[in-house]
Amino acid sequence: MLEAIISVGMALWLFGNINVIVAIWRKKILRTKGSMFVLILAITHLICNFSEIIGLVTQLRFTPMSRKKCFEYNLVYLFAMMFQSALFFSIALDLCFSIMLPIKHMIWNKHRYVTIMCIFPLIFAISTSVTSFIFIPDEQTPYCIFMLTTDIRIYQMVSTALIVLNSVTLVIILCSVLAAVRKSENMRGSRHSTGSRTNSLREEKHKVFRSTFFLVLIYIVSWWSVVVIFRIMVETIHDVKDVIHYIPYLVIVVMPNYCQAYYVTYLRSPRFRKAFREQLNWLTCGFCFPKIFEKKHEKREGKDCNGSVISYANNDSGKKNVRQGSHKCARFAQNV
């Protein structure tokens, strides 16, 4: 039953994450600073998806083996999990910078900025993976799960670091919420806030903010809850062997975290939603969302018609006919 549930989840994970990567690769308008973090998050989740597929095909989850061999199977999976956990901290910092330092955030070089913001998640993933490898006990494990490869005290230390890191991420998000609400109230009272361009920019920032907030919220509810549940079981149940039997089923709680990049951006971002619908139209050979390309065709026809009218009016004969038509319209208006 668990393997069947994971199989359905993996289909949704692969579909969503591949769609996000292809959409950002296709559309230049989607390659903003925030979208680059979503792209990195989708790639990280895709690595977790393939690791789950390997475990599903080879039946690793319910196979007893040595902890060292199990760690070798789950090394990439463990690295991706630790990286995406710390990446949400960088996403929260990016949101805070965009609200507190909007002008500087806008002029910072995109590639350099994203690279610098990914240094901490990379260091965190490397350090946790190396520490887990050093303290692998020479024992057998009944289930091949990366949480059971290292010593239980090392995992408790790593899980405590994750809880602290996620708590700081949540505090940064809440502070950003308060700062955004205060800034919107100040802008509402300003006389410059009546401009349509200012309102549209403000609305676009609010959409990005809400999308980032939902990304972090889903992560906290799914992955963070697994860490907390595991710590509670370890602390309350004296015999660790009794805890081991429940660990494989914790993946059900983590499942929403692996496909959130696609579904959150689809629901919260009109630009991503349009790109996803175009790709879904291609996948279904025009069956889904056929009106998207009909609208594009109508716009092209309208441009062609406007261009032909302009070129016709630029000709000498066209100018003469347009002038005669305008005189006739003026005479008709005077008679009426």
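The backbone N, Cα and C atoms fix where each Cβ goes, and this holds for glycine too.
Annotation source TrEMBL lists domain 'G-protein coupled receptors family 1 profile' at 16-263.
Sequence annotations record features per position, and here TrEMBL assigns transmembrane segment to 6-25 (among others). Long-range contacts of the transmembrane segment (6-25) within its own chain (CB-CB distance under 8 A, at least 6 residues past either end) are made by residues 31, 35-36, 38-39, 42-43, 45-46, 48-49, 52-53, 56, 251, 255, 258-259, 261-263, 265, 272, 275-276, 279.
What TrEMBL records for 37-57 (among others) is transmembrane segment. Counting only same-chain residues 6+ beyond the ends of the transmembrane segment (37-57), those with a CB under 8 A from a CB of the stretch are 3, 6-7, 10, 13-14, 16-18, 20-21, 24, 73-74, 76-77, 80-81, 83-84, 87, 90-91, 94, 114, 117-118, 144, 215, 251, 257-259, 261-262, 265.
Here the transmembrane segment (77-101) has long-range neighbours at 33-34, 37, 40-41, 44-45, 47-48, 51-52, 55, 71, 117-118, 120-122, 124-126, 128-129, 132, 146, 149, 158, 162, 165-166, 168-169, 172-173, 175-176, 179-180, 183, 205, 208-209, 212-213, 215-216, 219, 223, meaning same-chain residues at least 6 beyond its ends whose C-beta is under 8 angstroms from one of its own. For 77-101 (among others), the entry in TrEMBL reads transmembrane segment.
Remote same-chain residues near the transmembrane segment (113-136) are listed as 33, 36-37, 40, 67-68, 71, 75, 78-80, 82-87, 89-90, 93-94, 146, 149-151, 153-155, 158, 161, 165 (criterion: CB distance under 8 Å, separation of at least six residues from the stretch ends). What TrEMBL lists as transmembrane segment is 113-136 (among others).
As annotated by TrEMBL, transmembrane segment applies to 156-181 (among others). Long-range Cβ contacts of the transmembrane segment (156-181) within its own chain (Cβ-Cβ under 8 Å, at least 6 residues beyond either end) map to 82, 85-86, 88-89, 92-93, 95-96, 99-100, 124, 128, 131-132, 206, 209, 212-213, 216, 219-220, 224, 227-228, 230-231, 234.
Taken from TrEMBL, the feature transmembrane segment applies to 212-234 (among others).
Annotation source TrEMBL lists transmembrane segment at 246-267 (among others).
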Contacting positions for the transmembrane segment (246-267) when only residues 6+ beyond its ends and CB under 8 Å are counted:
2, 5-6, 9, 12-13, 15-17, 19-20, 38, 41-42, 45, 48-49, 52, 61-62, 143, 145, 147-148, 211, 214-215, 218-219, 221-223, 225-226, 229-230, 233, 273, 276
